[in-house]
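Taken from Swiss-Prot as is:
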| type | residues | note |
| --- | --- | --- |
| BINDING | Gly30, Ser31, Asn32, Gly33, His34, Gly35, Lys36, Thr37 | ATP binding site |
Amino acid sequence: MFVRRFSLRDFRSWDSLTLDLTPGTTVFLGSNGHGKTNVLESLGYLSTLSSHRVSTDAPMIRSGSASAFAGATVVNNGRELTIDVELIEGKSNRARINQSPTRRPREVLGILQSVMFAPEDLSLVRGDPGDRRRYLDELLTSRIPRMAAVRADYDKVLRQRSALLKTAGAALRRGSRGGESDNVLSTLEVWDGHLAAHGAQLLAGRLELVHDLAPHLAESYRSIAPESRPASIRYKSSLGSSLDPEFTDPARISGIDDVAYLEERFHLELAQMRSKEIDRGVCLVGPHRDDLELVLGDSPAKGFASHGESWSFALSLRLAGFALLRADGSDPVLMLDDVFAELDRRRRRALATVAATAEQVLITAAVPEDVPDELEAAKFGVEASDTGDGRISRIVPVGSTDQEVEFDD
């Protein structure tokens, strides 16, 4: 698939832009702070409904504006769809497909599949479990868009149950008055059922994803660092001893009864952790507490991998995701944000080899020399200037290209 055209309005430093793209490689060149990363961020947002840089939408709305707009026309196997999302300060976002409003923004998920590799990805190896959970869930919803609804339902139940745990703890500390404690505990059992039902679906999806991803990860790491220890991944579940260890083995093939089994195990672990959860007032069981274990040889990558090995593992995770989506039947758009300058010659060559096979690659770089020579690319310059309306970015064709740039009044 490829993005044929995309548009921005009041998205970070871009006040208004419409840009036509073609398959192949396109490079956005500009100094740091001039807005080139914002271009990839906008397309990444259309793909995942999240930013690789910030955890909330507000920073993506240009200062002084009430909303931001990002839209793209995507061509996939000859079929063309246009999607757009409006980020509205203090309100729910709105989305459209071919100019028809959707009931929920998440309905656009899956139309634009992308994989982005950025300097922030080092946190996949060195950061908290939440970074790796997010990696899994974004890849999962890209493959299976309906999983976004499962995740949203799980998060909603988790918030409700967490609030109830705090209430239960307070009620039990006061002692039972008029059956208050019994009522709270009965209500908690109901929410246990909801959490187990949605959590089992999400957990089953993640486990299947790790099974499918593992061989691509091993191969990607081997191609990037052939002299290093072999790389592997394994899912670490908070269900603990309630879950058969076989279920987290990446070699295990998922079965049709997995969700039912996981829901049963979920209930068992919740019952065992009930007192501890009430005492602490937090939910200690579920996919929100899980992790993706990254292993080099027999050692965890976090804390044991060198800087170079950490970069190789982070890059391998992204390339494995790219290979998996491609194996599913469609080339995702590959986006590389200022990463070639961070890599040594071998890793640059390995990344360039994969990029050369992608249907569309979008790259940001500070100078042309940061981009490997083997990637023949159309190039655009990105410049920003300070105005009375704040810092505004503009894009200017450089070199030989027949692509069209439109600046709206």
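Cβ coordinates are placed from backbone N, Cα and C, and glycine is handled just like the others.
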Could you check what DSSP calls Thr37 (ATP binding site) once collapsed to helix, strand or coil? helix
Could you check the binding-site residues Gly30, Gly33, Gly35 and say which one's CB has the fewest neighbouring CB atoms inside 10 Å? Gly33
Give the residue from the binding-site residues Ser31, Asn32, Thr37 that has the most other Cβ atoms within 10 Å of its Cβ, counting over every protein chain displayed. Thr37
Of all the binding-site residues here, His34, Lys36, which one's CB has the most other CB atoms within 10 A? Lys36
Env. residues of ATP site, Cβ within 8 Å of mean position of Gly30, Ser31, Asn32, Gly33, His34, Gly35, Lys36, Thr37 Cβ: Thr364, Ala366, Val382, Ala384, Ser393
Where does Asn32 (ATP binding site) sit in DSSP terms: helix, strand, or coil? coil
